[in-house]
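Engineer: Take a look at the following structure, please.
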Amino acid sequence: MSYLKGLLTSCLVLASVMSWAKAVPISIDKTKVKLPEETVKEPPQSVDTGLHYDRYLREVIDFLEKDQHFREKLHNTDMEDIKQGKLAKELDFVSHHVRTKLDELKRQEVSRLRTLIKTINTKWALLKQFEYLNHMNPHTFEVEDLDRLIKSATNDLENYDKERHEEFKRYEMMKEHERREHLKTLDEEGRRKEEEHYEEMKKKHADHPKVNHPGSKDQLKEVWEEADGLDPEDFDPKTFFNLHDTNGDGFFDEQELEALFTKELEKIYDPTNEEDDMVEMEEERLRMREHVMNEVDTNKDRLVSLDEFLVATKKKEFLEPDSWETLEQNQEYTEEEMREFEEQLARQEEDLHQKAADLQQQREDLERQQEQLNAQKMELQQVTELICLIPAH
């Protein structure tokens, strides 16, 4: 049950899915901690996952959740069984109404993809777009479709951080490339001033208070004291978990974890400072979340349960962590990677110039052909006029 919940939550899909998963009751000393009065929580709004099949994924899960049999099986199915496709086989037992709606959803999705392919006009390049459903049967939603959907979403999530790292590396290299290109446009004095300013900004950015190790006792106690307004001497892991499990489902999802690092990020980044890059701030936040997940999420369901959290708070890494190295202490790329990146950019620019030259040549050829056609047309008209002038015998 927790695996699919993790799958959907980490996708930012339907945060309320599997609402039957209740939080473990937590004993709280109410003489020390005043919790907000209990209120009815509105269902969280679903957020786009970024997957090209986001809407289809959310709608399929939404309808499956409405089937009592499927919901019960989901509750009793462990993570590995879901990965291996055992849960997908339960599709044969869901109600006719749900199956009919799933058939309709699939037809709509196949139609959307076919329209996309026609628009872009490159079928083979978009063949991967169909991996999450069986396009050979465009009419009905079958066990294979659910199996493909779960495996595709799982794979995309598992690759998310890796792809994010590569994208951020490209961002950093492009930023450095543009800086170097700008220096080439300056005279010697201008380059000297620009380099001095660049070094000054780097130094200002690196001059910040100590950043606590993400997920450590010191880091969480700082949130407890400064964000929650509680006495650090009363810090209690169970109470902390309850306070920051904002949707009350008994788990920390990725977004709830990332919210815990805001105080640390404020030590490093200020949107009003020239030297602070907000793209880098978000990358730092995601690095912190990724690190904590790797350390604490022992069953790899992309959620941190209360039990996992409490076990982590007893480890040496929680009580006596290593120092945390921020982004400015770890350059994302090597000079060799930067050289290859700039060579690739140069090749791409050369290709664009060649394509532009080819298009210009084609245009000139077409213009010459048009001129020849016009000349031939004029000759034909003149011949026709002469023929008309010849008297008939």
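Glycine too: its Cβ is placed from the backbone N, Cα and C atoms.
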Engineer: Looking at 143-170, 227-254, which one is coiled coil according to TrEMBL?
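Structural biologist: Spelled out, TrEMBL records coiled coil over residues 143-170, not the other listed ranges.
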Engineer: Return the average pLDDT for the coiled coil (143-170) as a whole number.
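Structural biologist: Mean pLDDT, the coiled coil (143-170): 86.
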Engineer: Using a Cβ cut-off of under 8 Å, list the residues of the same chain at least 6 residues beyond the region 'Disordered' (179-216) that approach it.
Structural biologist: 222, 260-261, 264, 267-268, 273-276, 288-289, 291-292, 295-296, 312, 317-319, 321-324, 326, 328
Engineer: What are the DSSP helix, strand and coil residue counts for the compositional bias 'Basic and acidic residues' (179-202)?
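Structural biologist: When I sort the residues of the compositional bias 'Basic and acidic residues' (179-202) into the three classes, I find 21 helix, 0 strand, 3 coil.
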